[in-house]
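Residues annotated as (6S)-5,6,7,8-tetrahydrofolate binding site in Swiss-Prot, with sequence analysis given as evidence: L121, G125, H126, L127, S355, P356, F357. Look at Swiss-Prot and you will find K230 tagged as N6-(pyridoxal phosphate)lysine, backed by sequence analysis. The annotation site 'Plays an important role in substrate specificity' is assigned in Swiss-Prot to H229.
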Amino acid sequence: MFSRDMTIASFDPELSEAMEAERRRQEDHIELIASENYASPRVLEAQGSVLTNKYAEGYPGKRYYGGCEHVDEAERLAIERAKQLFGADYANVQPHSGSQANAAVYLALLQPGDTILGMSLDHGGHLTHGAKVNFSGRLFNAVQYGVCPDTGELDYAQLERLAKEHQPKMIIGGFSAYSRVVDWQRLRDIADSVGAYLLVDMAHVAGLVAAGVYPSPVQIADVTTTTTHKTLRGPRGGLILARANAEVEKKLNSLVFPGTQGGPLMHAIAGKAVAFKEALEPEFKAYQQQVVANARAMAQGLIERGYKVVSGGTDNHLFLIDLVDKGLTGKAADAALGKAHITVNKNTVPNDPQSPFVTSGLRIGTPAITTRGFKEEECRELAGWMADVLDDIENEDVIARVREQVTQVCRRLPVYQQG
């Protein structure tokens, strides 16, 4: 028998200290990693609930275990809210991650050895879009498209040429480090011209899409995948959406379970359900509009300080800083900003001369700082602090000054307010 008074702190102080230290870090540091955000207390409550105890292999109404009537309702809520939020005809909320969602789609619609055409990791794509080190590049014949070297924008002409040359079974749209609007219909037209499926991985912009501030691919692509965190601000997890096609839906369901997963994580699905409800509220659109406004303010502030932003700006929640001309590596810049309590991630830039472990760029994202209340004014100020550090990364006095400025703004704009 368990007592509700049991705590980690009293039983496992080492783990408790690590957890508390991470809580303090999130409150005291500025978070600019584009794939990170802060889940609401409601989402955290769902993930820490008794639903974690329940095994529920199968789908609502068709489980392999008894006692699933209540978790069935939680999953049905998540499914219906996802469909409403994104205007989808089909939703599968069981994937444990975006990568698992992509794997299920590939295995549902392709055969090993088939050709896929996805965005190069070096140009802003994702590991699961055909990178050689990933299952997608090992199981399939992966051809990669990229961005124009002059503009930093997606090279549709190259994409179309590669599609005609290689006749892929699937074209993958979407990205992990691209700051402009993608023309989903143009990708659809290219896919149709070669008889390919179109899969869009909108993991990075799902929240923007849900709010109507970024074009939706859901009724254009055959299948759309996403994570449920990032801009969507839910629990870490995956989601598959599709337009009506009974044959495709059946294949997708069977490749999620039993094809690639066993029991779903019902506490995570409950977290998804409440996050989708939050995203259906009017204030979510205002939040996403602010995310984009903040990204644009930061990008412009850094450009004005002499820093090169790939493609010259942003239309979404992120942008890339190209440090080649500054003689800086992404690794060194990441470390210097980290000492000032500004958390970023080093990132490759198009035609990067450095290795992926060093890089020549930084990826900057605004979802997390917008959640804690940053507006354009704070973002312009933050861009200035970053430039101060990057202008002289060995100057400990500058780093100390910026760290104190970061502390002050974090105290003024906490992530989780008390009371």
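A Cβ is built for glycine as well, from the same backbone N, Cα and C atoms used for every other residue.
Cβ neighbours of L121 ((6S)-5,6,7,8-tetrahydrofolate binding site) (same chain, under 8 Å, six or more residues apart in sequence): L127, H129, A131, Q144, S176, T348. Taken over all pairs of the listed (6S)-5,6,7,8-tetrahydrofolate-binding residues (L121, G125, H126, L127, S355, P356, F357), the Cα spread reaches a maximum of 17 Å, rounded to the nearest whole number. For the recorded positions shown (H126, K230), fewest C-beta neighbours within 10 angstroms: H126.
Checking each of the binding-site residues G125, H126, P356, F357 against H229 (site 'Plays an important role in substrate specificity') by C-alpha distance, the shortest gap belongs to H126. Residue with the densest Cβ environment among the recorded positions H229, S355, P356, F357: H229, by other Cβ atoms within 10 Å.
Looking only at the binding-site residues G125, P356, F357, the one with its C-alpha closest to the residue listed as 'N6-(pyridoxal phosphate)lysine' is G125.
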